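Below is one structure; the comments refer to it alone.
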Protein chains: 6
Amino acid sequence: MTQRADGRTPDQLRPVTIERGWSSQAEGSALISFGGTKVLCTASFTNGVPRWLTGKGKGWVTAEYAMLPRATNERNQRESVKGKIGGRTHEISRLIGRALRAVVDTKALGENTIVIDCDVLQADGGTRTAAITGAYVALADAIEWGRAKKFIGQKSQVLLDSVSAISVGIVDGVPLLDLPYVEDSRAETDMNIVVTGRGLFVEVQGTAEGAPFDKRELDQLLELGLAGTAELRRHQLAALGQAE
Amino acid sequence: MTQRADGRTPDQLRPVTIERGWSSQAEGSALISFGGTKVLCTASFTNGVPRWLTGKGKGWVTAEYAMLPRATNERNQRESVKGKIGGRTHEISRLIGRALRAVVDTKALGENTIVIDCDVLQADGGTRTAAITGAYVALADAIEWGRAKKFIGQKSQVLLDSVSAISVGIVDGVPLLDLPYVEDSRAETDMNIVVTGRGLFVEVQGTAEGAPFDKRELDQLLELGLAGTAELRRHQLAALGQAE
Amino acid sequence: MTQRADGRTPDQLRPVTIERGWSSQAEGSALISFGGTKVLCTASFTNGVPRWLTGKGKGWVTAEYAMLPRATNERNQRESVKGKIGGRTHEISRLIGRALRAVVDTKALGENTIVIDCDVLQADGGTRTAAITGAYVALADAIEWGRAKKFIGQKSQVLLDSVSAISVGIVDGVPLLDLPYVEDSRAETDMNIVVTGRGLFVEVQGTAEGAPFDKRELDQLLELGLAGTAELRRHQLAALGQAE
Amino acid sequence: MTQRADGRTPDQLRPVTIERGWSSQAEGSALISFGGTKVLCTASFTNGVPRWLTGKGKGWVTAEYAMLPRATNERNQRESVKGKIGGRTHEISRLIGRALRAVVDTKALGENTIVIDCDVLQADGGTRTAAITGAYVALADAIEWGRAKKFIGQKSQVLLDSVSAISVGIVDGVPLLDLPYVEDSRAETDMNIVVTGRGLFVEVQGTAEGAPFDKRELDQLLELGLAGTAELRRHQLAALGQAE
Amino acid sequence: MTQRADGRTPDQLRPVTIERGWSSQAEGSALISFGGTKVLCTASFTNGVPRWLTGKGKGWVTAEYAMLPRATNERNQRESVKGKIGGRTHEISRLIGRALRAVVDTKALGENTIVIDCDVLQADGGTRTAAITGAYVALADAIEWGRAKKFIGQKSQVLLDSVSAISVGIVDGVPLLDLPYVEDSRAETDMNIVVTGRGLFVEVQGTAEGAPFDKRELDQLLELGLAGTAELRRHQLAALGQAE
Amino acid sequence: MTQRADGRTPDQLRPVTIERGWSSQAEGSALISFGGTKVLCTASFTNGVPRWLTGKGKGWVTAEYAMLPRATNERNQRESVKGKIGGRTHEISRLIGRALRAVVDTKALGENTIVIDCDVLQADGGTRTAAITGAYVALADAIEWGRAKKFIGQKSQVLLDSVSAISVGIVDGVPLLDLPYVEDSRAETDMNIVVTGRGLFVEVQGTAEGAPFDKRELDQLLELGLAGTAELRRHQLAALGQAE
């Protein structure tokens, strides 16, 4: 069996920590780490919705992803200094938002807005998947905050399910779970999957970085990913103090 | 069997046309249509590479996607007027670039740059997949132009395979191929797949717009998509005057 | 007599085609060509006016001009990528808007807005004049659309006249009509004139690119231009299926 | 005869003053006024040319026009605050640059760059024409500065002619010279002409603001403008201390 | 005693001139000079306040500072061309706004807005202090304009005090008042102080450019500055035709 | 004696923590907290200097400050999304850079660049002073990293002194040290002082938010600040494991 550089087996996650309530300012927050990747997720709850949604009896959940300039091994110029947001940032922000909305009943949320900010403080591969996984915890707390403040009905079932995400990839022909930067940069195929607590897919994004892949490889990656997200779900439940 | 609004069967493409060499200015070009979706793809060949790639003996292929303001049913503000490119535009440009690079041997291309512009003149769903499919034709011609001009070696095998793309989705529980806008906007699950001529995956991007999907549904969609891209490959070969 | 590179006489237009209704999305549209110059003009009709004009009982007509990156012989960076619109683009957009407003009775239009988009798909000189000439056709159709939808009164005379435009210039001392790029780039004097169907001037923009010009030369150019725009008017009428 | 609001005859300029050398920082400068319109023109001389012109033995002259936010009767937002330059600003900057280059022999200038800044301190109509007229004086002094510093050959004839500009227009059917804001805003036709000291046209830009105009009206306006620019030329010569 | 390059004693201001009412467009204006530094200050009065302040019975005073591109010895690119405002510009605009608001009773001003524009026409050190000193004069006139128009109550005491500003610094160990560029660029410590007519501090901004400074040096600088601002106050009173 | 809301005496700092080496990516880093204010400071060391400094044998130290969108009680829009950096951000970035450069011998640093990023993860007043204080620790470690890598000479004395900063202000007439948000927002006078380890001033920035202040009050504030920065210096030494 392949020995990975950090000693993990191919189907093993890096150590996961979720520091719930890290921020004393936000209505929900979590500092999540997948090994060396650390993402601060905050959820901002506002009563009311953007103008285009007013009067429809539905809420809105959106997300913004960003990376501190020295989260990575070499410093990147700030997007605020460049004056524009890069394609990768946009793409990941949109992905996180879609992932969260997939488990939210916006009618039950009522005319409230929740903005999730995922700021990568340190990056070592898998930042978007850590962001989604931590964002769910922040979101859950923000919803409870809204309920406590009576912006959300006491019995409204806003969350339909939980959601988490993980990266999988093929390196030297071997399917691996949760790739750190050193593996990710060498992967022939790279895939991010977003899965609900019930094990249904929300997003499957596979890209051939090196060689195109076939159906059998795709199936192996999906299987690895489903196992990984099931384990992440247990971390989320533990952080939220919920029973399985 | 479900009757689709335009009378197609679930596994049927819309009428496909590829007008090769539409532009007399570009080194390669194609005006492609998938039903009411029309995309002008041009390939600009430049001898030389961006500075960051100089001296590595490798070429560069990149793409830019955009939509005319009135390609859609309601006019959208121009991104040049807004002063910035939206997330969706960035995301699709990046997807097209990755799809094309997956079938290009950049060493064989040599220190040459090919920029593919995909401008949507009219939009009715599936613009990114039409763009990839047409871009391949423009790319192939630009490579031959470069060969004729001796910027590329006479025997260099620059293209490793062909590449095309199609959308698939689940509407009212039924997996469908090549969704026009009216179906796409109602789809529970929406997927774009990019496949090489040999039938290998380059990209698989599936998103649950409505309900999350399970492995069986994913498999059905992939099967539909593989058949669709195989047919698109035949259109590409015909446009390029190549035998299968 | 000077033989022009394309065989035309000095007072001859290039072949003109107007494909009315090219777009199935816009309320009015025309794909116009002056030789190798091809411009897609779409007219977007909206009931209502910008806030600054509300309640004055008047409509608004405006235009935006742009060029696809590979419309020209060498690829230009997209203005959306640069993040700003160049001076030339602004200048031509403003010119087209003024030209159209000169033949529109905004009171008769009522509180409706028409935005004309002129996108140059291929450029070989005279793009702004082709744009104005095609935009008139798109505008006329959008007005009729508005009338059919009862946004405009049945008897309102919105169009006071037709309008078209042509370039003229002095090359090697000879006044020429409708300059393609190869002539335009060598012209000593370059002029664009915009003329109504009745033969009155809306715009006269003459620039000495090489040597300053005198009154006699100016008069020769104006005469050529008046004859050219009269012929363009006949093309517009034919496209619109109107009698002279 | 029409009495103008400020008591002038139709063919009379407003009081013109040219304060040469107003700036102690620039290589050439002039504060010019046409009645209530005041424009500060500075010329910045740099040895060397932009990269795209290097090694061609030619110089470069360009211009930038701008207006202070409270130059006009109501305050306008700064373009630096908006983050982009408006169409009108771009258009006028380009016009000034073309006007000046029309009288410069860039070979005789040698590989030197002159940037003319025309900042409108107070606006009352005709700002672009005042700018061109003042810019010529600043340019002439910057050229002499470059000659004194030996960046330009002692005998090089850099200026081929002088250049000035004036507005003309038709108000209530009467052709008028040098329109202040109150006339300009009511003009049926508005024209700016740029003329060399020898009386040749560099630019003719006529626009029908109200009703389209015919050839006879155009001729009347051109005649007025030629007389006006001839008088401006005398002001320029006086400011520069040159004999006619 | 140190002889300064321009012959002044260490505690002497450069010649100060205040040309009140320079602009015929603005509600208040002053062209102020401190030696070679010339700043045009205009005050724009608008009845009403920004949305965020509506209905609070209070007015708003704000300022914008900018420099013409050739105000300095070498030309700087326009911030409108760069598409963004530099840090220094922002910082000075904010300083001027704070300085003016410190002497304004916004309740007495009522729901009116005054925007002060300070445009540096020529720069030779101390531009921000000249701007504040001139801005006060423009502000005072704009307030009287508002009173005359009945937007401000006849007896409202809007101005609580006057305000002026001056730079001080340590050059070669000697504390100096009102530094021109040649001294400013060599100063070990540079300080700007903003003082009311009654001699109270509004802002103290001291920066060690070379060596850090101690309390004794700080005290010497403050003393110089208080004497300088007292003298500027007399210039302001004279310009406004007020008794001391 | 005034009882402060958090129970501190007027001359008492909030609890200070400095987590040195928080980031495993940067050459130097510190997560600093002043009570509820938490700032992540990273120092990025690059061999070489910006082009404008090349060949002068000197290094460059600069800083960028930013705040996460939900660092504060209400979410702020990201500056990257707005497309421009606000005045406050610019001003603080410049302040931090000047503060650090005041204690660096750029000749001893050699042709190396250090960029300090100060990202506020949570804000409760005094973010700029915490940033400067933490940045010094990150800077010190980055310099030692550069020395270990031989980019800096073994005996080069790059740091001339330490530097820290604190806020002081007058609230209800009482001078207070280290203001949290609740005090800062009510302060009549607000001052930030930057002081070296030897007790010399680098920056003194005092602003009258409410009433202007006199010399006696200024002296009281400076005295408080000197005591506070002396204590911060001890925290820095402890974090760096240095003896006093």
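Numbering starts at 1 and runs along the chain as displayed.
In case you wondered, yes, glycine gets a Cβ from its N, Cα and C as well.
Mean model confidence for the domain 'Exoribonuclease phosphorolytic' (D:12-142) is a pLDDT of 95. According to TrEMBL, the feature domain 'Exoribonuclease phosphorolytic' maps to D:12-142 (among others).
Look at TrEMBL and you will find D:R88, D:G126, D:T127, D:R128 tagged as phosphate binding site. Other Cβ atoms within 10 Å of the Cβ of D:T127 (phosphate binding site), summed over all protein chains shown, number 24.
What TrEMBL records for D:162-227 (among others) is domain 'Exoribonuclease phosphorolytic'.
When other Cβ atoms within 10 Å of the Cβ of D:R88 (phosphate binding site) are tallied across all protein chains shown, the result is 14. Look at D:R88 (phosphate binding site): DSSP puts it in a helix. Classification of D:T127 (phosphate binding site) by DSSP places it within a helix. Same-chain neighbours of the phosphate site beyond D:R88, D:G126, D:T127, D:R128, judged by a C-beta within 8 angstroms of the site's C-beta center, are, in sequence order, D:Y65, D:I92, D:V120, D:A123, D:G125, D:T129, D:A130, D:A131, D:N192. Cβ neighbours of D:R128 (phosphate binding site) (same chain, under 8 Å, six or more residues apart in sequence): D:Y65, D:I92, D:L95, D:I96, D:A165, D:S167, D:N192. Largest CA to CA distance in the phosphate binding set (D:R88, D:G126, D:T127, D:R128): 13 Å, whole number. The local packing around D:G126 (phosphate binding site), expressed as other Cβ atoms within 10 Å of its Cβ over all shown chains, amounts to 26. Broken down by DSSP into helix, strand and coil, the domain 'Exoribonuclease phosphorolytic' (D:12-142) contains 42 helix, 43 strand, 46 coil.
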